[in-house]
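Participant: The structure that follows is given in the form of C-alpha cells.
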Amino acid sequence: MTNNQTDRPRPPGPESRRFDNNDKNNRNRWGPIPSWAWIVLIVALLLNWLVAPILFPEGKGAVSIPYTSFKQQLENNNVAEVTTQADKITGEFKQAVKVPGVDQPVKRFVTHIPAFGDDQLMSQLDQKGVIVNVQPESSTRSLLLSILISFGPTILFFLLFLWLISKAQSSQQGLFGLGKSRAKRYNATESTRVTFDDVAGIEEAKQELAEIVDFLKNPQKYQRLGGTIPKGVLLIGPPGTGKTLLARAVAGEAGVPFFSMSGSEFVEMIVGVGAARVRELFQQAKKEAPCIIFVDELDAIGRRRGSSINVGGHDEREQTLNQLLVEMDGFDSRQGVIVLAATNRPDVLDPALLRPGRFDRRVVVQRPDKVGRLKILQVHTRNVPLDPNLDLSEIAAATPGLVGADLRNLVNEAALLAARRGKNYVDREDFFDALEKITLGAERKLLISEEDRRRVAYHESGHALLGLLLPEADPVHKVTIIPRGQALGVTYQTPEDDRYNYTERYLRSRITAALGGRAAEELVFGTVTTGAENDLKQVTEIARQMVTRWGMSKEVGLVYLSPDGQEDFLGPNPITSREYSESLATVIDRETRRIIDECYAEALSLLNRERQRLDNLAEALLREESLDEQQIREIVGLGEKQPEPA
C-alpha cells in the first residue's frame, strides 16, 4: 500500500537551496555597501591621520628645539652626533641641556635649517669633531610605502568588516552567525540507520514510542478521527540508559530527518542568541516535515524560571526557554514535527514546559533488569567472537545496577583483554576480569610494608566473614589485598538478584558488614587506621536515609524529612534548604549514631566469637592475595554454597 504522505514532494532542504541562483549570488556576493559604512571608513582614516603622528612621532624620543639653540650648543662643543635629511637635522647632545618649554633636560633633539641656508654649518661641525650622518630625501616610492603603512591596516580592517556584513546579510543570521542553529541533521541511511533492534533492555520505553513511529508513518490514521500526536515526548532516566539511542531509533524506524542539538548549545553569552537559534531550528524543521527534533540535556535551558540565583546567563536562558515554549505551542501538530527531549533532572524543569500541549508525554527509561541486561549484552556482542561455552546470562546476573552504556563498556574491555592475551575469542575469564577492572579499578603495582599488608588482610577478612555470616547480606564474590584503584584492598559484594525493596534487616546487615573491616582492626591490633574512610561514608548515608526517608526510627517517626523535589536520577542535590528544626536535626543525628553504634557492636561481637575463622581467612589472604567465593567458604568452614530453590 502506497502512503500518500511519502509521495508528496519534499520541500527543498538546505542542500538543494545551496546552489540556487549561483551566478546571481556570485555577481552580487558583496551586496550593496551601506552609506554608514563609508562614514565609518572616513572617520577611521581621519583618526588614523591625527593619531599616527602622536603615536609615532618623527625622531623617536627627540625634542624639537630652535635652530639658534642648536648653534649655541655647537659653539659650546656639546653636540656629539647629527643626522641630516634635506633641511631636517636630528642629533644627540653630549650632555643634556635645559630647553625652554620642556620640563626635563633634553639629550636628543630635532631642528630644521632656515630657508636662507647656513653655508658655514658643515665647516663648524667638522671643526668641533661632530659625527655627521646623511640620509637621502624620501622618494616617491617611500612616500607611497609610508601611506600604505599608515592607512593600510585601517583599509584592510574596513574591507574585512564589509565582508562580515555581506556574509551576515546573505545568511540572514546576524553578525558572525550567532543566531544560526547548530543542530546536526541525521538522515536515516542503511549504513547509519538505528532501529529498535539496536535498542534492548528497555522494552516498556520502546512500546511507548511505537505510537510516535506509527504516527510518522501513517499520520492519516490519527488525523481522520481528529486525533493529534503529542507535540513533545520527554525521555527521563539515569545517565547511560539509552535515551539518545532510543530517540535515534525512533527516527530510524520512521525514516524521517532527525535534528539533534544539545540544550547547552542554545545559550550563549550574548542575550537573544538562544531564542534566535530556537526559531531557526523550528523553521528548518517545518520545511523538512515530517521530522524529529531531539534536544539532549533539556535541563540546560528548561530549568524553572525564577529559581536560579546566578546572574550571568540567567536572562538569556529564560529568553531561550520562553521562545521554546512559544514554538512548541505555536506550530500546527499536523505538520509532523515532533520534539523529543532527554533529561535526568526532571525535577528542575519549568512546569509550563511539562503541561499538556508541550512535553505532555513522559517516558521513563529505567535501569535494565536481569533479562534486559542479557538482551543488551546480546546486542553488543553481535560482532564479538565469543567462547561457545560462555553463558551471557551469568554475566547479566553478575552485573546488577549496570546500564546500557556500562554493559557496552564491559564488552569492549573484555574484548581488549582477550586481544591482549592473544586469544581468538572472548571467554568468561575475560568478562569477569573486565568487570573487576570497571567496578573495583585496575590493579596497582604498589609496594607496601608487611605490617600494612597484614592490616589490610584482616580488614578485608572482616568484611568478607561478616558478609557470609549475616542474614540477608549480599553474597561475597571475591576478596583481594591487591591494591586496586585508590583502595589497598577490596571485598566485592553484589546481590544475586535485582532489588527494588530493602528490609530493615538487610540494611542493618549492610552497615554491619561495612563496619567489619574497622571492627577487625580494633579487635586484632587494638588500634584503627584511616582505611575505613569509605566504609564510614557508606554506613552514614544508609543510616541517615533509614532515619529521614524510610521511617525506620521510632524516635523520629514515620516522616519523610529530605527536602522535597531535590532528588533525581543523579542523586541528592547538595544545595538544599533544610525543612525541619534544629531540635529535630539533633534527634536525626542521634538516631543515625545509634544505628551505626548498634551495628558496630554487633560486628565486634560476631568477629570476636568467630576469631579463629577470621585468623584463618586473613592468613589465607596473605598467602594467596585473592580469594573467590568458593575458596572463602572452604577456608571458614561453611562448605559449598547451596543453590536457591527455584
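Note: Cβ is positioned from N, Cα and C throughout, glycine not excepted.
Predicted, not measured: the structure shown is a model, and the values here were computed from it.
Pulled these features from Swiss-Prot for this protein:
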BINDING   HIS459, HIS463, ASP535  Zn(2+) binding site
COMPBIAS  7-26  compositional bias 'Basic and acidic residues'
REGION    1-27  region 'Disordered'
TOPO_DOM  1-35  topological domain 'Cytoplasmic'
TOPO_DOM  57-144  topological domain 'Extracellular'
TOPO_DOM  166-646  topological domain 'Cytoplasmic'
Participant: For ASP535 (Zn(2+) binding site), which residues in the same chain are close in space, meaning a Cβ under 8 Å from its Cβ, but six or more apart along the sequence?
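Facilitator: Long-range Cβ contacts: ALA514, LEU515, GLY517, ARG518.
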Participant: Taking the center of the Cβ atoms of HIS459, HIS463, ASP535 at the recorded Zn(2+) site, which other residues in this chain have a Cβ no more than 8 Å from that point?
Facilitator: GLU460, GLY462, GLY489, THR491, ALA514, LEU515, GLY516, GLY517, ARG518, ALA520, GLY531, ALA532
Participant: Which one of these binding-site residues has the most other Cβ atoms within 10 Å of its own Cβ: HIS459, HIS463?
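Facilitator: Buried the deepest by this measure is HIS459.
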Participant: Could you check what DSSP calls HIS463 (Zn(2+) binding site) once collapsed to helix, strand or coil?
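Facilitator: SS state of HIS463 (Zn(2+) binding site) = helix.
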Participant: How many of the residues that make up the topological domain 'Extracellular' (57-144) does DSSP mark as helix, as strand and as coil?
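Facilitator: Taking each residue of the topological domain 'Extracellular' (57-144) in turn, the totals are 21 helix, 30 strand, 37 coil.
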